[in-house]
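Participant: Annotation source Swiss-Prot lists (6S)-5-formyl-5,6,7,8-tetrahydrofolate binding site at R23, E80, K120, K454, citing sequence analysis. If you look up Swiss-Prot, you'll see 226-231, 245-251, 270-273, 335-338, 358-360 marked as GTP binding site. Residues annotated as K(+) binding site in Swiss-Prot: N226, T245, I247, T250. The Mg(2+) binding site annotation in Swiss-Prot covers S230, T251. For 216-377, the entry in Swiss-Prot reads domain 'TrmE-type G'.
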Amino acid sequence: MSHNDTIVAQATPPGRGGVGILRISGLKARDVAQEVLGKLPKPRYADYLPFKDVDGSALDQGIALWFPGPNSFTGEDVLELQGHGGPVILDLLLKRILTLPGVRIARPGEFSERAFLNDKLDLAQAEAIADLIDASSEQAARSALNSLQGAFSARVNHLVEALTHLRIYVEAAIDFPDEEIDFLSDGKIEAQLNGVIADLDAVRTEARQGSLLREGMKVVIAGRPNAGKSSLLNALAGREAAIVTDIAGTTRDVLREHIHIDGMPLHIIDTAGLRDANDEVERIGIERAWQEIEQADRVLFMVDGTTTDAVDPADIWPDFIARLPKNLPITVVRNKADITGETLGISEVNGHSLVRLSARTGEGVDVLRNHLKQSMGFDTNMEGGFLARRRHLQALAEAANHLEQGKAQLLGAWAGELLAEELRLAQQSLSEITGEFTSDDLLGRIFSSFCIGK
């Protein structure tokens with residue numbers, strides 16, 4: 001679809017509401033105002049007017065806001081019509097606007113896409129709009145707003161600028177081959193490079209925090225039937241999310257709960273008890289349990305403390321451990337400490353964390369909460385911050401790798417050309433975050449995940 005088209009979409013959620021907003025952007029927005037309002041409102045002033053149908057009769061009345069480009073969100077002429085929030089009224093008004101030639105329904109995220117293409121915001125800021133809307137906690141919302149206001153982009157642009165200066169220095173050395181070795185070995189370039197690497201490491205640390213705020217951690221509770229998995233889900237969720245009985249196999253499907261631990265989103269998944277099942281429904285539930293385990297960030301291996309004294313997972317259930325994906329973190333949870341009399345707390349056993357608790361009474365559950373927060377490296381004391389997506393983390397990691405490769409070329413062979421190339425690739429990776437170097441395919445995937453009216 002052409003970016004020369006004028007687009008329209010509802011900017012408020014579907015359904016009934018006190019106010020419903022239609023947003024129009026493009027060259028024909030001026031014509032829409034003349035046809036629907038009978039005049040062009042004063043720029044950036046609220047004008048209370050009737051919204052007219054083709055025959056001149058009123059469809060609704062409300063507030064019209066006119067933002068002539070380039071001083072608008074999209075950088076184009078923008079008209080907003082704020083009427084009553086009934087779906088029938090909004091649908092009639094939308095159909096009226098679509099009768100005008102050159103006007104079409106907007107694609108998801110197309111308003112934000114046009115703002116990006118018209119340099120009203122960069123790609124990281126555009127993504128922050130969607131993240132702010134989807135924020136599931138106060139801390140996530142504040143971090144998304146920081147990104148929208150340019151905090152993340154400013155950090156990235158600072159790194160790009162530092163790399164630009166470093167590249168100039170290195171390439172100047174290459175232009176004078178008789179003095180290149182002296183330029184590269186005098187310590188100045190190494191010091192500057194180390195400074196950029198340190199700054200990048202700091203940004204990566206904050207970005208990982210931002211990714212946790214946005215994505216959360218997926219934790220799967222797994223174990224044999226009647227180990228107390230559903231009781232632990234309820235204890236972590238703080239409500240009776242799962243049915244708990246003494247009957248083995250009560251949980252036959254996957255149960256999901258979304259909670260927060262000091263601002264960090266946590267996706268807790270309770271699964272069917274793992275065993276050789278003859279019942280077809282239970283067997284399907286066990287298959288789904290393994291699917292969730294394979295996609296988990298961490299598995300809570302739930303153990304009934306009344307059935308074994310073992311603490312090493314390989315001793316408790318070797319077949320279960322052997323089937324787990326390689327490098328998947330495991331926390332052994334010895335449950336029913338209120339019955340066994342075990343000392344509550346956390347310890348380490350052969351590289352695995354071991355938590356002793358009682359899911360039924362809630363004793364020791366706070367220890368598990370703190371363990372989950374710490375195991376993901378979440379820092380509740382970090383001020384400010386910004387949200388980050390997986391693609392941001394990947395771009396930062398690629399940039400860090402190129403800088404390390406460049407440092408190896410500098411210190412190992414004084415190879416100026418190879419160092420310059422690694423610096424260029426690092427700069428390109430960072431520029432993908434803000435959209436300075438980004439493929440059209442990636443842009444399409446990013447903006448298609450937005451709301452229609454954004």
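Any Cβ shown, glycine's included, is placed from N, Cα and C.
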Participant: If you measure C-alpha to C-alpha, which of N226, K229, A272, K336, S358 (binding-site residues) come within 10 angstroms of R23 ((6S)-5-formyl-5,6,7,8-tetrahydrofolate binding site)?
Facilitator: none
Participant: Return the residue, from the listed binding-site residues R23, K120, K229, K336, with the maximum count of other C-beta atoms within 10 angstroms of its C-beta.
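Facilitator: Sorting the candidates by Cβ neighbours within 10 Å, the top entry is K229.
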Participant: Out of these binding-site residues, N226, S230, S358, which one has the fewest other C-beta atoms within 10 Å of its own C-beta?
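Facilitator: Fewest other Cβ atoms within 10 Å, among the binding-site residues N226, S230, S358, is found for N226.
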Participant: Pick the one among the binding-site residues E80, A272 whose Cβ has the fewest other Cβ atoms within 10 Å in this structure.
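Facilitator: So among E80, A272, the binding-site residues given, the one with the fewest Cβ atoms within 10 Å is E80.
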Participant: Considering Cα atoms only, can you say which of E80, K120, S230 is the nearest neighbour of A272 (GTP binding site) among these binding-site residues?
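Facilitator: Nearest candidate: S230.
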Participant: Can you tell me whether DSSP puts A272 (GTP binding site) in helix, strand or coil?
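Facilitator: DSSP assigns A272 (GTP binding site) to coil.
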Participant: Looking at the binding-site residues listed here (N226, K229, K336, S358), whose Cα lies nearest to that of E80 ((6S)-5-formyl-5,6,7,8-tetrahydrofolate binding site)?
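Facilitator: So, of the listed binding-site residues, the one sitting closest to E80 ((6S)-5-formyl-5,6,7,8-tetrahydrofolate binding site) is K229.
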Participant: If H, G and I count as helix, E and B as strand, and all else as coil, what does DSSP give for E80 ((6S)-5-formyl-5,6,7,8-tetrahydrofolate binding site)?
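Facilitator: DSSP assigns E80 ((6S)-5-formyl-5,6,7,8-tetrahydrofolate binding site) to strand.
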Participant: For the domain 'TrmE-type G' (216-377), what's the mean pLDDT in this predicted model?
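Facilitator: Within the domain 'TrmE-type G' (216-377), the model's average pLDDT equals 86.
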Participant: Round to the nearest Å and give the CA-to-CA distance linking K336 (GTP binding site) with K120 ((6S)-5-formyl-5,6,7,8-tetrahydrofolate binding site).
Facilitator: 58
Participant: Look up N226 (GTP binding site) in the DSSP assignment and report helix, strand or coil.
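Facilitator: N226 (GTP binding site) sits in coil per DSSP, no helix or strand.
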